[in-house]
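Here is what TrEMBL records for this protein:
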SIGNAL    1-22  signal peptide
BINDING   His96, Asp129, Glu192  Zn(2+) 1 binding site
ACT_SITE  Asp98  active site
BINDING   Asp129, Glu165, His402  Zn(2+) 2 binding site
ACT_SITE  Glu164  active site, proton acceptor
DOMAIN    213-314  domain 'Peptidase M20 dimerisation'
Amino acid sequence: MASPFLGRFFVFSIIFFLQSQGEEEESPITRFQQYLGFKTAHPNPNYTAPISFLVDQAQSIGLTTRTMEYVSGKPVLLVTWLGSDPKLPSILLNSHLDSVPAEADKWIHPPFSAHRTVDGLIYARGAQDDKCIGVQYLESIRNLKSRRGFSPLRTVHISYVPDEEIGGFDGMAKFAASSDFAELNVGFAMDEGQASPGDEFRVFFADRTPWELVIRAEGIPGHGAKLYDNGAMENLMKSVELISMFRETQFDFVKAGKAANSQVISVNPVYLKAGTPSNTGFVMNMQPSEAEAGYDLRLPPMADPDVIKTRISQEWAPSIRNMTYTIKEKGKLRDHLGRPIMTATNDSNPWWSVFKQAVEATGGKLAKPEILASTTDARYIRTLGIPLVGFSPMINTPILLHDHNEFLKDTVFLKGIEVYESVISALSSFEGVSDQAI
Ligand SMILES: [Zn+2]
C-alpha cells in the first residue's frame, strides 16, 4: 500500500512533469536542445535541417534570412536585423553549423540527444563548439525586440557557415571573398571563443597561422660501415637537431611563464621518412640517398614570416647541406595593407571599448585577451582588415570542445544570452565609428 507521503510525492511529480512539459514547448533551452539534435558531424554533416530550423526561428522573431551556396551542398545562412541607418558599417555575428565527429560509445549520453541532467548539464556534440552561440545570438535578439522594444541603429547580421571544422575553405573562406560579403559593409565582427574554467570570460584577438614544413635531404648512398660527409640522413639529422633547439627556446618562454602557448612559434615534428626498405623492414648496412621530415608550425600574428623563412632556408634546410624544403602556408599572417592580422584590444579600437563595457555592464569580467592556439573562421574576416573578437560566453565551464562528453550548463547558456543582449545592443547603437576599418 502506498504511504500518504509517496502519494503526495507522486502528485508533485506529475505536476512537475506537466510543468516541465509546458516549459519544454517554449524556451531558449529547448530551442538550444533542438539545434543540438541535428547531426552536423563530419564527415557527412546535415546542413539542410539545421538551416531550416534557424530560418524558422529567425522568421518567428521578425528577421530576414537569405541562403547562399558558394559550393554545392554547403549552404551559408545569413540572418539580418535591419538597422535604422543601414548605411553605417554593420555588425556581423558568426558561428559554424558543423561539428567534429563524436565516438558515441565513449559518451555518458548520446552525443546528439542533447540530454539535460537534473543538474542542468546539457550533453551534446557542439554544445560548446559552437551551437551555443548560434542560438544565443537569436535568443538575445528575440529578447531585445520583444522585452525591450529595442531597435538597432546599425544593421546586425548573423552568419551560419559550413565546414569550419575542416578548414572553412568551402565555407567562410568563400563567403568572405564574395561580393555578398563585401556588400554587408561589416564594421565589427564576432566569432566563437572558448569556455573558461574560471569566472572571467575569455576573449581572443588573433589566431595562429599554421604552416606545413617539409624538409628533404639528398646525398650519395654509402655502405653502413663508412664514415663520410654529406650523407642524406646525416644532413637531415643536423637539421632535426637545430629545429629541436629552436623548439626548446620557444617552449622555455612558456615554461618560464613569460608567454602563453599561443604567443610563441611552435614547431613540432610530425613524420620522418627515410631508409631503404627490405622484405623484413629496412636494409641495415646501407646509408640511404634521401631523407625527409615533416613539421607542423604555428605562427602568432606578431611573428615575422620573412625571418622564419630565412631561418628555414639558411639553417633548417640549407642548400649547402644538399637540402630542399617546401612550406605550405595555411593562412596569411598579414592583411591586405601588410599589417599583422590581429584585432586591437585597447582604447585605439573604439569597438573594443564598446564590447568590453557591454560585457562589464552585465556584471561579467573579461580575462586578458588571448591569441587562439589553433585557427577558426575568424582569420578570413580579420584578413579583410575587419576587427573581430572571438568570444563564447561560458564561464566556470571545463573546456570540452572536441572532447568526449561535451556539455554546457543551462544557467551558463542563459547567462550568455543576457551578455549578448548587452553586447549586441551596445555595438548596434554605437555611433562613433562611421566607415574606417580599425
Ligand atoms: Zn568551433
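Glycine is treated like the rest: Cβ placed from N, Cα and C.
Quick caveat, the model's predicted, so the values are computed rather than measured.
Projection of TrEMBL feature records onto the structure.
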residue: His96; record: Zn(2+) 1 binding site; DSSP (3 states): strand
residue: Asp129; record: Zn(2+) 1 binding site; DSSP (3 states): coil
residue: Glu164; record: active site, proton acceptor; DSSP (3 states): helix
residue: Glu192; record: Zn(2+) 1 binding site; DSSP (3 states): coil
residue: His402; record: Zn(2+) 2 binding site; DSSP (3 states): coil
May I have the DSSP-based helix, strand and coil counts for the residues of the domain 'Peptidase M20 dimerisation' (213-314)?
37 helix, 33 strand, 32 coil
Glu164 (active site, proton acceptor) and His96 (Zn(2+) 1 binding site), Cα-Cα, nearest whole angstrom:
6
Lowest local Cβ density among His96, His402, which the record lists as binding-site residues, within 10 Å:
His402
If you take the centroid of the Cβ atoms of Asp129, Glu165, His402, the listed Zn(2+) 2 site, which other residues of that chain have their Cβ within 8 Å of it?
Ser99, Val100, Gly126, Asp130, Leu401
Should we count any of the recorded positions Asp98, Glu192, His402 as near ligand 1, judged by a CB under 6 A from one of its atoms, and which?
Glu192
Rounded to a whole angstrom, what is the C-alpha distance between Asp129 (Zn(2+) 1 binding site) and His402 (Zn(2+) 2 binding site)?
8
Just checking: which of Glu164, Glu165, Glu192, His402 have a Cα that is within 10 Å of the Cα of the residue listed as 'active site', counting only these recorded positions?
Glu164, Glu165
Cβ-centroid neighbourhood (8 Å) of the Zn(2+) 1 site, His96, Asp129, Glu192 excluded:
Ser95, Gly126, Asp130, Lys131, Ile133, Glu164, Glu165, Asp191, Thr376, Ser392, Leu401
Under 8 Å by Cβ from Glu165 (Zn(2+) 2 binding site), counting only residues of that chain that are 6 or more apart:
His42, His96, Asp98, Ser99, Val100
Those residues of the chain, 6+ apart, with a Cβ under 8 Å from that of Glu192 (Zn(2+) 1 binding site):
Asn94, Ser95, His96, Asp129, Asp130, Ile133, Thr376, Ala378, Gly390, Phe391, Ser392
Taking 10 A as the limit, how many CB atoms besides its own sit near the CB of the residue listed as 'active site, proton acceptor'?
26
